[in-house]
Amino acid sequence: MSKNSLIKKDSQYEQNNILITQNRSDQEINLENKMPEFCLHCQNSLDKKRVNYSFCCKGCYSVFYFLKAQDLNKYYEIMKLVGEQPAQAQDYNEAHFSIFRDNNLNTIFKFKEDKWAFFVPEIKCAACIWLIEKILSRDSNITEISVNLIDRTVSFSFINKDEKSLEKAARMLISAGYDVLPLPFLSSKEFRSKYEKERIKDIAISGFAFGNVMIFAVSSYLGAYFGIDNNINKLFIVLSMIISVPTVVYAGRSFFYNSYRAFKNKLVHIDMTISFALIVSLFVSIYETILDSGKVYYDTITGLIFLLLVGRYFHEKSLNKAKELGESIKNILPIEAYSIKKGDIFIVPVGKEFLADGRIIEGETEVNEASLTGEEFPIFKCVSDHVLAGSQNILKPVKVVAEKTGSETWISSLENLIQTAKSRKSQIESAMEKILPYFTYLTILTAVLAFIVWFFIDKTKALDVFVAILIISCPCALALATPLTMSSALKKLWEKGVIVKSSETLETIAKIDTVIFDKTGTLTEGNLTIKNHFFLQGSLPEITEKYVLNIIAHVAKNSLHLVSKAIAQNYLTNDLQIQLIHIEEFAGKGIQAFADGKEIRIGKQNFVGYEDLTESDDYCAYAKYDNLIVKFVLSETIRADGKEFIQFLKRKNIESYILSGDRKKSVQKIASSLLIKPENCYSTLLPNEKLEFLEHLQKAKKCVLAIGDGVNDAAMLAKAHVGIAAHGGVDVALHSADIFLRKHEMSLLKKTFEYCKYIKQTLIILFTVSLYYNIIVVILAAFGYVNPLFAALFMPFSSLTVYLIVFFRKGDKIWQS
């Protein structure tokens, strides 16, 4: 091959259903000169196994030309700017993509109802975010792209999803050099462990440097008092510089990286003041060392980095405890559960978890649902009973048919609820984020002014004062107070059976002045008992009464409503094989289905087309089978702790209302027992009428909390300032309510109210302590009473104070009362 010849190679390959022609002709490699030493993509050293002269592997070779063909070369420029380099690409075979094509397996990538997500370990900087967003946006079918740098996840939606959509998205990212994994296989603990090791290594290096530099510094200090050879003193200073410079660059890189990234994106980060202090101190010290003309700060710099890293290590350890809540839920479900598809039949041995939400088709057993629903005692389950994924079989093996799998299961909904709670910020937290940048600017301004003043008073103390102010006034305590308190509160509520969607809800509860109750299952016990039934219309010439009631019960088992549950529990038998079609539930009215050409309805009298003129103190429901009308008389028991909760609300000057779809007589009976004002009780309301009443209260500037059925009262719960789903399923609570009660106890609501007030007081205490701390220490530092090393020792102390306040203000007495 002649001198200065060009390596030309053309190839075609198909990826992401896009035919890309790669023209290699513009890549020039001078073969007479030295061969390239680093891979053109990942910058790793090239060995003898190089591919096409300039790449370390086939994966990097493919990614480089994919980005080139897609006109995304700017990625390398951004990587250079942020000081990162791409990860070495992987070379995948076609078998790797089968999981994305299988509609039963790819549910493990489902994040929310209409959202999909990948875990991408290689995400590490702004360049990655830029590239991933650019690549996915090339597909017009992909919308709502969101890249999370902290969790290393990519979430998105499809306009029209087909069987190839997910595979196409995965291929696009893999072609760009990113590994794509499903979220359930992500173990945050593993990645935190890796990060923790890196942090410990940084602490060890800075600790070693600090120890050695302090030996030289102490020797110099003692030598100044007892006498020391000047050359030896200079040697100690030079050795301190040699140790300090690489320590600052390596162990302190996280401070500089965070500051640079924030500055580049026109943001303010608390590491800016620290980075500023380190850079100024280091350059002044190097300058003084070269000129041999003044004081150096190597001991202060290395001590600063060591103490700050130690403080951050324990800071992150504390915050990670809050993250473990979602992981503990996620880890309940074994990995093999994600291979189950709807309709699969599987056997669950004793001691094992159910792999999907489903129904028992053979056998009977007892099931432990404590980790999911909070139910303390085992629950007996037999044929036709529903079981939840993640619950444990503890008595006998059973055969189960899967009805909901993967992201559709109860436990996945629960995990989504927790993730939502962790990601949504409270009003106080949002306000703090707006204040912190101004705090940082004020700190820098104060430090500069103090430096100028001290420069004219005592030049030797000017830099000490400047650095001390920047370090000691770090707003870590202010920034930490709200998230740590809220995370601790959410975890405590979870342990007590209260699942909260967001920390903002905790703030709102403390402002509530009006509470709206649904009656059935909220103010009354969650189980209705059928006292009797009557056939009001029609005759039974060819069929038996038992047959009719059994068909009605088969329809009822498809509803979560308490009436339907009572009918199914009382009349359902398994000796009838029936095919139901067109099953549909109407909120606030009832449920309808068809069997053998006949219509079956269960619900209110007007829903089944019958007018019952008789008055009854009992709760009544009606069913229609063809031309037959059946009346069910049910009894409901007022909750034993209901009256106590209503009285608690009265003492807090909180107004109580009952909005019910039941008859007036039944509603007034409950209201009278609970001492709720008659004028605050409304009966025979449809869901839309309840919503209108709620809106009327809100227009009157009332802060309203609504408690009801997550199914029938979904609109009202969603509209209220705080909505609590007392029953009806967590999957419904995800879409409507702000709080889901795993244990429906009025005493639990009372304690939740008290606990939210307690949390608000805790936040006030934390802000007061943090604010006064910053004011006092900045004044002390500005007057020269705090040196930089003491400032570094004191800065973690402010965060420690926050930890201690949160730790000792757990509110355990509230839950024990």
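Cβ coordinates come from backbone N, Cα and C, glycine included.
The domain 'Putative metal-binding' annotation in TrEMBL covers 39-107. The feature domain 'HMA' is assigned by TrEMBL to 118-179. Annotation comment: TrEMBL describes 335-418 as domain 'P-type ATPase A'. Annotation comment: TrEMBL describes 203-223, 235-256, 268-290, 296-314, 435-457, 463-486, 763-783, 789-808 as transmembrane segment.
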Sequence-remote partners of the transmembrane segment (235-256) [C-beta within less than 8 Å, at least six residues beyond its ends]: 202-203, 205-206, 209, 212-213, 216-217, 219-220, 271, 274-275, 278, 282, 285-286, 289, 296, 298-299, 301-302, 305-306, 308-309
Cβ pairs under 8 Å between the transmembrane segment (203-223) and the transmembrane segment (435-457), at least three: no
Cβ-Cβ under 8 Å with the transmembrane segment (763-783): same-chain residues at least 6 beyond its ends: 428, 439, 443, 446, 450, 465, 468-469, 472-473, 475, 477-478, 481-482, 485, 791, 794, 798, 801-802, 805-806, 809
Segment confidence, the domain 'P-type ATPase A' (335-418), expressed as mean pLDDT: 77
